[in-house]
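Structure, as structure tokens:
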Amino acid sequence: MGLPWYRVHTVVLNDPGRLLSVHIMHTALVSGWAGSMALYELAVFDPSDPVLDPMWRQGMFVIPFMTRLGITNSWGGWSITGGTITNPGIWSYEGVAGAHIVFSGLCFLAAIWHWVYWDLEIFCDERTGKPSLDLPKIFGIHLFLSGVACFGFGAFHVTGLYGPGIWVSDPYGLTGKVQPVNPAWGVEGFDPFVPGGIASHHIAAGTLGILAGLFHLSVRPPQRLYKGLRMGNIETVLSSSIAAVFFAAFVVAGTMWYGSATTPIELFGPTRYQWDQGYFQQEIYRRVGTGLAENQSLSEAWSKIPEKLAFYDYIGNNPAKGGLFRAGSMDNGDGIAVGWLGHPIFRDKEGRELFVRRMPTFFETFPVVLVDGDGIVRADVPFRRAESKYSVEQVGVTVEFYGGELNGVSYSDPATVKKYARRAQLGEIFELDRATLKSDGVFRSSPRGWFTFGHASFALLFFFGHIWHGARTLFRDVFAGIDPDLDAQVEFGAFQKLGDPTTRRQVV
């Protein structure tokens, strides 16, 4: 046939049996990839420290998606929340991976069957004897079935009526676990951070899909609409399907990057905006302030800060810090976090508490500046020592740690003080193991960043695909050069070109 690579799909254009076959094969490939990727991730995943080395630090991509749907246990005897388990049941991580691989194999066989037995009676128009598909009817069937699946997920799986529920956590990502969720039918259901909205929206959308599917099964489209939207052309289906996919991809890119109840920070890592807004820092200071109000010492108040909360308040966990072409997990960048050193409090020789100005997201380097409670610069690490007025040595800055591994330890040696001031620019200070994975010290993005980049990129590509195929199907007659109003019979093999009076005609 000699088709160029970008036109090979025309071989299934008027062949419904093999069109079905290649779609089943595509499903086999997707499902097979998902199952295989899950097994690979499980082979390299270390579940030993869910606080300082969670799945998103290790670059896991499919494990978080399984976990948010209620899978938490492994046949290896571990649980994602830490600790060991004795009876994980069939729906463990490995069980889900295996189910995808088995399903992939069945789809593979079905694809081969439909490729061989392509000329089925069901695809044949009894009036003409030619292969054809009743596309509006197929649309109704698919809408109905997807509505049933959507409703079932929201009404049974998410609510725990028949299923585990979904991953639910607090606003600071500390207490996450899988639990049933009640639908939120009020205005709060439209808050993207309210899990109840997931249940109610799936129930509502599923109900709408079921009703719309039944409508399209029982009502035929008007002839003018059928012709105007080219409902008899398979390329119309391709165009509108691409539209649905790119729209969904844009939506999920947004919910992933900006955060939502569907993308918990315990599974995908924090968002960049939580660093930009000092979200975790404010909560930490609020908790310390509450402790001090209860007559706790600074050391006691800081010691009660969960290590998990302190770890979120570290710039290395910001997904916007990784470069687009820096491959690998976060652990391959700044290393595996081993422990929290504690919160450093800097003071000058007059006893004023100083705060290190934190590095903004898009800076690779940033001057070390220490300000007092009023925002007045009191100390810095100067670029030119000859002109310095606020150097650590001149101001006499000291540092003392509260909470963490260095609790109660203080330093007055300028070199050490400057070292910790530099590290305090990056948020809370952690001991990081860079030897185990030969980490290079350059920040990486989390799966949150990869997912967003991938889906936004493909959504843009698919948007152009929608425009392309939509234009092709709507203006097919124009592109082919056939007059749409032509009713005279034209000689076979010679098409009437628009405005061409020389085309041979024959009287019927």
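Cβ atoms are placed via backbone N, Cα and C, with glycine included.
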**Request:** Identify the transmembrane segment range according to Swiss-Prot, selecting from 5-20, 21-36, 309-324, 357-372.
**Result:** 21-36
**Complete:** Residues outside the transmembrane segment (457-472) whose C-beta sits under 8 Å from one of its C-beta atoms, at least 6 past its ends, are 235, 238-240, 242-243, 245-247, 249-250, 253, 479
**Asked** Residues sitting near the transmembrane segment (101-115): Cβ under 8 Å, six or more positions beyond its termini, same chain?
**Response** 17-18, 20-22, 24-25, 27-29, 31-32, 35-36, 39
